[in-house]
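Asker: For 12-38, 101-119, 125-149, 161-182, the entry in TrEMBL reads transmembrane segment. According to TrEMBL, the feature compositional bias 'Basic and acidic residues' maps to 239-254. The annotation region 'Disordered' is assigned in TrEMBL to 239-336. Summarising the annotation, TrEMBL assigns compositional bias 'Polar residues' to 282-294. Per TrEMBL, the feature compositional bias 'Low complexity' maps to 318-327.
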Amino acid sequence: MEEQGAGLAKRLGTLLSGLLECMCFAGVIFGWASLVYVLKDMHYFEELCVPAANGTGNGTQGPDCRAQDEQLSLVFTVGSFMNNFMTFPTGYIFDRFGTVPARLLAISLYTGGTLLIAFSTAATALILFPAMCLLSIGGILLILTNMQVGNLFGKHRSTIITLYNGAFDSSSAVFLVVKLLYEHGLTLRAMFLFLSACSAWHLTRTFFLMPRWHIPYPLPPGYTYGLRCQRQGCSYRTHEEQRPGLGDGAHEPSDPCSEPGLGDADASKALKGKGRAGQVPAPNSSSASWGPTQDTPPKTPSAPAAPMAPSKPPKSPSTPAAPMTSSEPLQILLHS
């Protein structure tokens, strides 16, 4: 009962921490409109502004910054394109290499993007292009690896996936929070350095609250996950991933986690059972093994004269009586 309670608490922790992760990091690029306010105030791409062609006498008309707006819009267009275009490659990476490698790649890309924005200036505004691409690819990988959490909750699987999609779309509010904090005196560098430091949170979830491979559906009995998972069910692989040449390698029988639901003791018993089954021939395997003309007696001291069999095969009425062989006097002598 305590183990079931601990397992439920771990699954709820995985669910809630995953929702927080998707809500705060996965789709931040869609709040670009709020970040543009901060970038314009910091004079990003301001060199593209030109004086107004037809200035009025009172001089109230400002410069024409349409080129600046177009450049900032292009940054968002490239970033959102990468968010959708990289869905297929990132999905393949997730299927091919499992959860942990995919999440480590996502954390590396996301941290690289936040660091580029943190150390960018108006003179190096072109850094925004690769930075937003890295944020987009890292965010889509984060939500892809979190979608499988719905498999932990059985019939509520679709509800959990819907919650994660909603959290992904809600993460656009992060740049709105950045704008509000900037208005209250925080610098853009400080805020994005804080987002970079949150990679420690992502790493903690990766190793303690996420599986090594994938969360199966339906769950096998006794399934566990995380860094200290039990032998039964940990590092679960699908049947396709266990086949040689697929997944990330051949199926390893010596790995206690390679076959879910089978521990070391059970596996050894199964192997011993297979060995015994191979040593004792089947009753109807061949007539030469069980026929009356077998000459060689068993070599064990405690064995009887006739070879032991798990069950006597039915005697055919047409089978003749066994002739006297040269080994029968030796058998009579052993009995005496």
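The backbone N, Cα and C atoms fix where each Cβ goes, glycine too.
On this model, are these features tucked inside or out on the surface, and what's nearby?
Answerer: Long-range Cβ contacts of the transmembrane segment (12-38) within its own chain (Cβ-Cβ under 8 Å, at least 6 residues beyond either end) map to 72, 75-76, 79-80, 83, 110, 132, 135-136, 139-140, 142-143, 146, 149, 152-153, 160, 163-164, 167-176, 178-179, 182, 188, 195, 198, 201-202, 205, 209-210.
The list of residues near the transmembrane segment (125-149) in space but at least 6 beyond its ends in sequence, with Cβ under 8 angstroms from a Cβ of it, reads 14-15, 18, 21-22, 25-29, 32, 39, 44-45, 75-76, 78-80, 82-83, 86-87, 90-91, 93-94, 99, 102-103, 105-114, 116-117, 160-161, 164, 168, 171, 202, 210-211, 214-215.
Only residues 6 or more beyond the boundaries of the transmembrane segment (161-182), in the same chain, are considered here, and those with a CB under 8 A from a CB of the stretch are 18-20, 22-35, 37-38, 41, 139, 143, 146-147, 149-150, 188, 191.
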